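J.: Per Swiss-Prot, the feature active site, proton acceptor maps to GLU93; the stated evidence is sequence analysis. Taken from Swiss-Prot, the feature domain 'Radical SAM core' applies to 99-333. Summarising the annotation, Swiss-Prot assigns disulfide bond to CYS106-CYS336 and lists sequence analysis as the type of evidence. Under the heading [4Fe-4S] cluster binding site, Swiss-Prot lists CYS113, CYS117, CYS120, citing sequence analysis as support. Here Swiss-Prot flags GLY164, GLU165, SER196, ASN295 as S-adenosyl-L-methionine binding site, drawing on sequence analysis. For CYS336, the entry in Swiss-Prot reads active site, S-methylcysteine intermediate.
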Amino acid sequence: MLMNSIYSFTLQELKKELTKNNIKAFVAEQIFDWIYSKHVDSFDEMKNISKENIEKLKQLFSFENMVVDKLQVDKHDGTVKFLLKLEDGNFIETVIMKFNYGYSVCVTSQIGCNMACKFCASGLIRKKRNITVGEFIKQFIIAKEYVEKNFNDKLTHMVVMGIGEPFDNFENLIQFFEVIKQQKGLCISPRKITVSTCGLVEKIKEFADLKNQVNLAILLHAPNNEIRNKIMPINKVYSLDKVIEAMDYYIKVTKRRVTIEYILIKDVNDSDENAVELAKLLKGKLCYVNLIPYNKVVENNYFRSVRGKQFFDVLKKNNIQATIRLERGSSIDAACGQLRIKKILELRNAKV
């Protein structure tokens, strides 16, 4: 029998599940305390739960078997990148970053990615499967424990911008948000969470209707369809005008500002004309642009732009709010998915 992960339930859902199996509802609060405050990953360690109930719990629920295969720490800014091995032998990446407001974690939503953005390492290997709710939560717990142990601090923020397209794993993603905000659990405010999408229009609208206060970032990366078609194949399904229309719907429904992510790629999308066109596209909208320095991926022929400041100045001149993202993880495999690809190639070569 395939058991449900203990990490996949909200407190109320777990209470109902326990009651259904003749275990008192209050045991759910004890379990939450053990797994989210004391960080145990075995029912046998839960000393205030009866042996009879522990045996029942072992038959009903599983713990995520996720281990750190490799750890990289940037020598300049302290960014931490984990390569995590999952129970089925797959690998994912999770990253801890330090900001002036505290520590944030970037989690992975899929094993591989089908969006196939031409500049991205994540899409070099196609999607194998979605990350489960339990695997989402376990990534956060591993990062949380690391921050508490090594930095004597708290992990307070999260972005779902790792490997994969989060909105292509919509059901698990939304349940993850419900679980992580539980007050007697990890208690992460939705306002401290940001999720990104490359532009799955129907899901942007569905996400808007939830009004769950999680922040939205749209990976635009181009000011027109011609450029976006070349670097983001998804644009041939969801064209730029449809993505902007979905963003407008999100803003209207939620009254929340959207982040526009824009990776600057040399001689592709970084000219003054591109900046002017982007400014016209976003004029009057409740959004701001996050300009991102490109991390080179050896498997493709794209390069980092040196025109970040000029591009920023053009946006500013045209009354578009923008920032240039501070580069992090420069001394490690910074590009999303790079560490995973290295591991996969290493394993393939070992078999030859």
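A Cβ is built for glycine as well, from the same backbone N, Cα and C atoms used for every other residue.
Locate each feature and note its surroundings.
T.: According to its DSSP assignment, GLU93 (active site, proton acceptor) is in a strand. Here the Cβ of GLU93 (active site, proton acceptor) has 26 other Cβ atoms within 10 Å, regardless of which shown protein chain they belong to.
In the predicted model, residues of the domain 'Radical SAM core' (99-333) average a pLDDT of 96.
Every protein chain shown contributes to the tally, and the Cβ of CYS336 (disulfide bond) ends up with 24 other Cβ atoms within 10 Å.
Under the three-state DSSP scheme, CYS117 ([4Fe-4S] cluster binding site) falls in the coil class. There are 22 other Cβ atoms within 10 Å of the Cβ belonging to CYS117 ([4Fe-4S] cluster binding site).
Within the same chain, the residues at least 6 positions away from GLU165 (S-adenosyl-L-methionine binding site) whose Cβ sits under 8 Å from its Cβ are SER109, GLN110, CYS113, ASN114, MET115, THR197, CYS198, LEU200, listed in sequence order.
Mapped onto three states, the DSSP output places CYS336 (disulfide bond) in coil.
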J.: Quick check for you: of the binding-site residues CYS117, CYS120, SER196, which have their Cα within 10 Å of the Cα of GLU93 (active site, proton acceptor)?
T.: none
J.: Does anything in the same chain, at least 6 positions from SER196 (S-adenosyl-L-methionine binding site), have a Cβ under 8 Å from its Cβ, and if so what?
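T.: In sequence order, VAL159, VAL160, MET161, PRO166, LEU216, ALA217, ILE218, LEU219, GLU261 meet the Cβ cut-off.
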J.: Could you check which of the binding-site residues (CYS117, CYS120, GLY164, ASN295) sits closest to CYS106 (disulfide bond), going Cα to Cα?
T.: GLY164
J.: So which recorded positions out of CYS117, CYS120, CYS336 end up within 10 angstroms of ASN295 (S-adenosyl-L-methionine binding site), measuring C-alpha to C-alpha?
T.: CYS120, CYS336
